[in-house]
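Q: Once you've had a glance at the structure underneath, I'll fire off some questions.
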Amino acid sequence: MLAAWLVCACVAAAHALRVGVGISDVTGPPAEIAFMGYAQLEQTGHGVHLRQFSRAFVLEDNSGGATERLVFVSVDAAMMGHGVRKEVIKRLQKRYGVLYGEHNVIISGTHTHSTPGGFLMDFLFDLPILGFVRETYTAYIVGIYKSIVMAHNKLTEARVLYGEAELLDANINRSPSSYLRNPPEERARYKYDTDKTLSQIRFVSPENRILGVINWFAVHPTSMNNTNKLISSDNVGYASILMEKELNGKNTLPGKGNIVCAFASTNLGDVSPNTKGPHCEFSGKPCDQEKLLCKLPKERCFASGPGRDMFDSTRIIATKLFQTGMEKLLCKLPKERCFASGPGRDMFDSTRIIATKLFQTGMEKLLCKLPKERCFASGPGRDMFDSTRIIATKLFQTGMEKLLCKLPKERCFASGPGRDMFDSTRIIATKLFQTGMEKLLCKLPKERCFASGPGRDMFDSTRIIATKLFQTGMEKLLCKLPKERCFASGPGRDMFDSTRIIATKLFQTGMEKLLCKLPKERCFASGPGRDMFDSTRIIATKLFQTGMEKLLCKLPKERCFASGPGRDMFDSTRIIATKLFQTGMEKLLCKLPKERCFASGPGRDMFDSTRIIATKLFQTGMEKLLCKLPKERCFASGPGRDMFDSTRIIATKLFQTGMKVLNEPGVDMTGPLGIKHQYVKMPEEEVAPFDPVTETFNTSTKVYGCLPAMGYSFAAGTTDGPGAFDFKQGTTTSNPLWNAVRDFIAEPTKEDIMCQAPKPILLATGRAKFPYEWQPKVVSCSVARIGSFFLAAVPGEFTTMSGRRLRNVIAKTAPEAKKVVIAGLSNIYSDYIATPEEYQAQRYEAASTIFGPHTLDIYLNKYVELTNALISSKDMPLGPEPPDLSSQLISLIPPVLWDSAPWGHEFGDCLKQPFKQYSYGDVVVAQFVSGHPRNSIRHGRWYATVERLESEEDDAWVTVFTDADWETKFTWIRDSKVMGTSRAEIEWEIPVGTPKGTYRIHHFGNYKYVLGGIYPYHGFTDGFEVS
């Protein structure tokens, strides 16, 4: 009888554990806040695809007399910050006293890279977010706290069962060359270079009802890449939703079920979900496995043209342009497509140079090549102008007496056909030349060859051109050739008009003494010439020759005009030639039989010049057409056709494997509940190094921690998300330029450099103080046990081999540990933890191992110490607490100023209605007038829902999907920052099996009134049918 009682008592003691589970929304601000993970400033939120949740598990054990409690929380966040955890504990203690505290609360981030940042309170981690974001910080605190309270209120008796299964094709090692640095004896113990085991504990009621499930599988939640702008819990978050829907019922909305299922992080440091592996961005070729560089350093990103490459495409297009549309710029040569370069830098410069030579040597080649010489019969003068003058003089002297005014002093005569005697002379002379001067011309056998000017004859053309040139004041632009006649304009519109004006003034005002005072006879004091016209000519000539020497070309006989439109006659020739080329004056071009007539470019021919110029444009100024990276990026892609499909595939694999384990008998993890925690100041630690071959600590020597520092390869990024600039994986040498930038921020000491070697320090974060601490020096370490299941909560990302070593030393320290699992990214984030051997390779994970090459050795020693304290029930001191930086935080993120609706609309108005009819697989799209999503985080409420009409008579609608479901996307679109207008676009992809009926999309939000206050609104679409 006594024996039976003892058995029952033992069984009761073994089942003294109580478990409660809770889930709460922790979604951060979904718009205009940068995501944490890829450190890309431009990756800011624009909506929601999958909401973030906090999944809490509270365990209580009363079997040992004193009550032990453990809180484990898995949060859909990039990692966990000390400030968030501290505030959550503060709120718990305000409600429950000392029941929960630093010693027994573990908060682990899933490490999704698609959620808002700005909550870590370490400057380096908040810097890509533009500082601290209180909305994110508050959202995480409130949601985590609510989930723990919910779990506390649902404590019920339960058992803990463990199960595991192998999962292949869901992860790869993204740094395999680093993994190979580990000792071969150690690597031989493992089949894969990543952990392929999915570990699971489930909490079951005495009635075998599942209360909650926690799964751990090593994979980065980076299926969603750094181009994603929608909040997403990524592959592990979606796996949680799938399992919760499966266990709670298909119609259960995310976050609303009683059964809570988490897929938590573990030693995922070097593990990627992008199972297709690294390849070059455009060529698709494999990357260099050591440095993950593409072997095509100059390959550019653009659509292929008609040729075999960009140069051939340029040639083909250029050829077509030359052949079909460039007539105005090209000489129309019949056949040959190439030409020799002229003496200048282009066709215009060559024209100028050749024109100069032609002008200087006599212009013979530019003159019309008449078969015989143009000539005139000699008149009474020295040339046709002088002959005209003599004949005109005689006509005036012999036949015009009767027309003279018979005044003693006044000169007068009847007006000729012109406005004055000079113009009349010009007109009469012109007519004489046109009608009666044939005898003066040589009888040329053919046609006289010169083009017509702008006037009615050569004299009028001369007058018009000279007038324009004189009137525009281009004296300085005249070429000063040694033999060219030229002069500046006088007071008139041309030189003839100027002569007339000056002569008139002289005659009218100062020439009285030269006139004979006879009543009838015209007489003048004898001037230097044979008559007044000749005297006028001689005086004018002398005036021009004696006062305008600087402007006159001293040619005795050459006819010349003032400058053209350019700075000199050659530049004028160039400008006119350009216009002639553009307007079709082929007759003025060099008529070569085959040569195409324009100057050479920088190459040996037009194609080579086109190639050279095109190359420069592609390399220097055509960024919009080129990929904006100096070299081709190397990154890994997931198994799907895009990042959404890859997320779905990996999540489905996780879910299916988790369900497989869940459906198999588990192993009872009987035994006590316990946890040990301590803060550790890593740079001050001095420990014995670990030998991975013998799996022992070498107590005869010591190694030390370093002040935090980031290496060069940290900036290179990973294949999941390439970094900026031209940093490379595996860099072990420094660059003076980047060192100068580093030293401007914080200069490392010689001791820092030696401690971190072979890491070249890019950022001495342990020395940086402005504006506050850049990275933590104090970390949080915990070891918990749930019966014979041991959980190591670590403050960072352990690589595959680092995690294996940690699990092994804990299992070796605690023989009663049937299973050891690592809970990654817990309580505080301190980047990566690579093995000392991997550290030598200085790939991304090693460059981000901030406490130096012996970081893992320190952790191994500390977790052995914590495990010993746990199994022996020994108290551990709290250790040095991290500093409180809450008063030093800064933020560069502007607040929401106001919202406004477009003219004629109100908030919630549907701008784009769905179609009337849809089928399975269709995507329904609707748009609404929206307020800024940052006005309200809306936890437990939604930005978007899909509703089905339940009763047309009562107009009763029921929510069937929310913005937390995979099938929906809520996208916020900013229209005008000044006006504060924006839109919400909501998509619903109709899944197979959706019941037929009438549906609508409902949008909810809050707007900020310009005069203050935040107000709710909502709106919905018209109904549409799904069939």
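Easy rule for this one: first residue shown is 1, then count along the chain.
Every residue gets a Cβ built from N, Cα and C, even glycine.
So TrEMBL has the following annotated:
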type	residues	note
ACT_SITE	Ser272	active site, nucleophile
BINDING	His111, His220, Glu797, Tyr832	Zn(2+) binding site
DOMAIN	18-326	domain 'Neutral/alkaline non-lysosomal ceramidase N-terminal'
DOMAIN	623-861	domain 'Neutral/alkaline non-lysosomal ceramidase N-terminal'
DOMAIN	864-1026	domain 'Neutral/alkaline non-lysosomal ceramidase C-terminal'
SIGNAL	1-16	signal peptide
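I'd like to know what surrounds each of these features in this structure.
A: According to DSSP, Ser272 (active site, nucleophile) is assigned to a strand segment. All protein chains included, Ser272 (active site, nucleophile) registers 25 other Cβ atoms within 10 Å of its own Cβ.
Summarising the environment of Tyr832 (Zn(2+) binding site), the number of other Cβ atoms within 10 Å of its Cβ, over all protein chains shown, is 22. Under the three-state DSSP scheme, Tyr832 (Zn(2+) binding site) falls in the strand class.
Mean predicted confidence for the domain 'Neutral/alkaline non-lysosomal ceramidase N-terminal' (623-861): the pLDDT average there is 90.
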Q: Tell me the Cβ contacts of Glu797 (Zn(2+) binding site) under 8 Å, same chain only and six or more apart in sequence, or just say none.
A: His111, Asn267, Leu268, Gly269, Gly824, Leu825, Asp831, Tyr832, Ile833, Glu845
Q: Setting His111, His220, Glu797, Tyr832 aside, what same-chain residues sit with their Cβ within 8 Å of the center of the Cβ atoms that define the Zn(2+) site, listed in sequence order?
A: Ser265, Leu268, Gly269, Gly796, Gly824, Leu825
Q: 10 Å Cβ neighbour count around His111 (Zn(2+) binding site)?
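A: Its Cβ shell of radius 10 Å holds 28 other Cβ atoms.
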Q: Roughly how many Å lie between the Cα atoms of His220 (Zn(2+) binding site) and Ser272 (active site, nucleophile), rounded to a whole value?
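A: Rounded to the nearest whole number, the Cα-Cα distance is 5 Å.
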